[in-house]
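Let me begin by presenting the structure, written as structure tokens, before commenting on it.
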Amino acid sequence: MKLVFEKGHEGRKMEIIAPLDVSEAGLGESFKRAAKPKLPQMSETEISRHYTELAKRTHGVNDGFYPLGSCTMKYNPKVNEAAAALPGFVKAHPLQPEETCQGSLEVLNLAEKYLCEITGMDAMTFQPAAGAHGEFTGLLLIKAWHVHRGDTKRKKIIVPDSAHGTNPASASMCGYEVVSIPSREDGCVDLEKLKAAVGDDTAGLMLTNPNTVGLFDKNILEITRIVREAGGLCYYDGANLNAVMGIARPGDMGFDVVHLNLHKTFSTPHGGGGPGSGPVGCKAFLAPYLPGARAVKEEREGKTCYRFEKPEESIGDVKMFYGNFLVVVKALAYILTLGREGIPEAAANAVLNANYMKTKLSDVYEMAYPGPCMHEFVMTLEGLKKKAGVTAMDIAKSMLDYGIHPPTMYFPLIVHEALMVEPTETEPRDTLDQAVEALHEIYKKAVEEPESLHGAPYKTPIGRPDEVTAARKPVVRYHWEEHAD
Ligand SMILES: *Cc1c(COP(=O)(O)O)cnc(C)c1O
């Protein structure tokens, strides 16, 4: 496919700017370019075709199955985008007087109320813009609490090795020393190792649950008890909350702080560089340290109204104003649409779909951890690699020929030749059956004609790009000179 620059023709253009009908203001010479910018010149139809052609070459949820793991929901209802696009929200200015944007404050107040109810927390901030940003913020709350009590020797954060990679990174960004503890064979936290690791220098524990291998730690109550008895606080990485939302609450399991990824669980697409939101919820004793301002509800002259309130001992801002507000609007629209019945139903379907696929694939594919999973499961292709020389990468690439987006590859790191599959809650059984059938066919090929898989995919616009070069030396700019003819 030609680039837009190669498609253009001198003089072929459309007039999109109306002719000047006022006197020209003029820019100072120093502000002007010496030469006109080199832009492709095309007609409207050509441009429209160009971008349609590009769109056809990508694979998204609207094209087919998308079982990428550690990403949770891919169902981002369009109606929620419409809600977030309402002029009253889009045109609000963050410095507008409170009386003039009561609706936006109500959104923040309601979203906080419902998300606190879902997580079992007492207060929440919407300032953090991503999951990892939420972790950083949550740890700052923990730190502020210890420091406030004068307990300054607590310098360690315990992170099991089944945690998301951002957990140890955030802890170390906060100036903490990270103590990693290995998981047991069954993928759960090793309680003996945990007991040995805690002490009067433990600031807290960060637990990803369900963990990165898709399991709900069955000893979770014991885990939080051990940490609390040592005087530490417990942090719950709730980025993948859609396996448990409406069913189990971190706040009831002994956790003091939790972050959510609204751009994974509550109706905003994850990835692609769009705005995200990683709200942090906490128990009441940590609420005074929250960043930003919370929208609180009050009665004034018999009328319900909202105002912003800054927490007294606030750690300060972690982002401007109220975070990515429109993402919160979408989350609230999603929660209100699903309601008390729909939220746990979405979670149950996510778990059901994952277990359905896991069971159907277990005849030939080796699972990293046997038994039921939560919303995702991890296969290991180590055996197949030894037997037939076919890697997780080969299997993932072959899936593209079946119109399926590959699952997450080579993650989590604690599983070799990992493929992490997350079917998500909205896929009907037919789609899951087709995917299972495709994976069975691929497995058969892997055993019978392994060489054929090394070259896959065959049906996509490009085969196997050089991923290292693409990552290390990306070409993100068109150089006219090099292409001059
Ligand atoms: C995605 C994810 C994160 C990080 O979220 P970002 O928004 O990408 O920073 C943290 N923890 C878990 C378990 C995740 O799945």
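Glycine is no exception: its Cβ is also placed from the backbone N, Cα and C atoms.
Any TrEMBL annotation is an automated prediction that lacks curation.
These come from TrEMBL:
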- 346-446: domain 'Glycine dehydrogenase C-terminal' (DOMAIN)
- LYS264: N6-(pyridoxal phosphate)lysine (MOD_RES)
Q.
Please give me the CB contact count at 10 A for the residue listed as 'N6-(pyridoxal phosphate)lysine', counting all chains in the structure.
A. 25
Q) Reported in the order helix, strand, coil, what are the DSSP residue counts of the domain 'Glycine dehydrogenase C-terminal' (346-446)? A) 50 helix, 11 strand, 40 coil
Q. Where does LYS264 (N6-(pyridoxal phosphate)lysine) sit in DSSP terms: helix, strand, or coil?
A. helix
Q: Restricting to the domain 'Glycine dehydrogenase C-terminal' (346-446), report the mean pLDDT as a whole number.
A: 96
